[in-house]
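Asker: Per Swiss-Prot, (2R)-2-phosphoglycerate binding site is recorded for GLN168, LYS340, ARG369, SER370, LYS391, and the stated evidence type is sequence analysis. Annotation comment: Swiss-Prot describes GLU210 as active site, proton donor, evidence class sequence analysis. According to Swiss-Prot, the Mg(2+) binding site annotation covers ASP247, GLU288, ASP315. Taken from Swiss-Prot, the feature active site, proton acceptor applies to LYS340, supported by sequence analysis.
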Amino acid sequence: MLDKIEVPIEAIAAREILDSRGRPTIEAEVLLESGALGLAQVPSGASTGSFEAHELRDDDPQRYGGKGVLKAVRNVHEKIVPVLEGMNAFDQASIDLAMIDRDGTANKRELGANAILAVSLATAKAAAADLGLPLYRYLGGPMANVLPVPMMNVINGGSHADNNVDFQEFMIFPIGADSFKEGLRWGAEVFAALGKALHERKLLTGVGDEGGYAPNLASNQEALDILIESIERAGYKPGSQVALAMDVAASEFYRDGQYIYDGSAHSPAEMVDFLASLVERYPIISIEDGLHEEDWDNWKLLTDKLGARIQLVGDDLMVTNPIRLQKAIDLGIANSILIKLNQIGSLTETLQTIALATRHGYRSVISHRSGETEDTTIADLAVATNAGQIKTGSLSRSERVAKYNRLLRIEEELGDRAVYAPKVGLGPKFLA
């Protein structure tokens, strides 16, 4: 049906705005000849995989410490606009391919993945607006009705916080709830209980980049112990109602073939054994980036040891890239992929990567970045693809909560058609 609709792009504009860390990012607007308008903002990561698409910055020390994005804005106006003006907004694949071809590099270094993605998403939003459809319905069609289970990052460490916790994210997973709305409430109640538990221990209750608490703790295990206590204090059962997940972000503390955590160096085999011991001790059902992004051999060891029991998610390992995902599939590594739009740099490529994962039985976890905006595209993307899981931070900071609130509205809009992912087997991939 959509291939028979033609509405040309009339104008495209871009500007430099600020993200949640006070750093510049790019916003794009796409106006169609029908008058429909789409607006999109691009996030930015703190711990980034080496193989991500290129985020173009100005490198001008006189502005924003070199982090400005005026080059990307200029590329939209001078290089992307001449290519896309007049193209059919409903031909998303051709629009994205035209920008990729104009860029001409393997990682979008010429135009910048941030410039390309901003226009890509704004085009999709304009097309949805032209039809009077919400973005999730435009992208996903009539079967887009699964609300994701949220992976709530309530204790921040690593590159997301100025503390001594090695692992980057400790998350709660309300898998036992009956609806997204109920799961969100459970998460908020556990988050409140966690704040009280930290306060009673005279630990800091300031928050990190993603809205989770960022206390100094004696060990990574202490973070898990406090989470178990907080789940119980909120009135829920650890595991069956609220499970745990971790983003280890192991590439961030990998040095010369060793993993440096809890104050000492450990071999890859010791790292695998340590993660396995945590799974034995705690109700952990998902581990992301448990090893370095290029430690393929030991990723295989980790997968053989835990892959039939819990969800093993590749983020830095796969960077939303179909080539790296295919390598993981071929090697039997991990069983899930984290999906970040700006890692690959266009909507079309993101959807292709999700489709590849689905064909091979890998789950997709739709994710934010540590530097976010009020843009809620990922909430719609999670529902559009029936991904079943979303990572968008804690229960504080409005750029995080905006995505949760968008999902609440989608669930309400869907009414009786709305399905909470764990109820139909579309939550985390685990067999324990």
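Using N, Cα and C of the backbone, Cβ positions are placed for all residues, glycine too.
Walk me through where these features lie, including what they touch and how far apart they are.
Answerer: Around the Cβ of SER370 ((2R)-2-phosphoglycerate binding site), 24 further Cβ atoms fall within 10 Å across all displayed protein chains.
GLU210 (active site, proton donor) falls outside any helix or strand according to DSSP and counts as coil.
A strand conformation is recorded for ASP247 (Mg(2+) binding site) in the three-state DSSP classification.
Counting every protein chain shown, the Cβ of LYS340 ((2R)-2-phosphoglycerate binding site) has 25 other Cβ atoms within 10 Å. LYS340 ((2R)-2-phosphoglycerate binding site) falls outside any helix or strand according to DSSP and counts as coil.
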Asker: If you measure GLU210 (active site, proton donor) to SER370 ((2R)-2-phosphoglycerate binding site) at Cα, how many Å is it?
Answerer: 6
Asker: Taking the Cβ of ASP247 (Mg(2+) binding site) as reference, which residues of that chain separated by at least 6 in sequence fall under 8 Å from it?
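Answerer: Residues satisfying the criterion: ASN153, PHE167, GLN168, GLU169, MET171, GLU288, ASP289, VAL313, ASP315.
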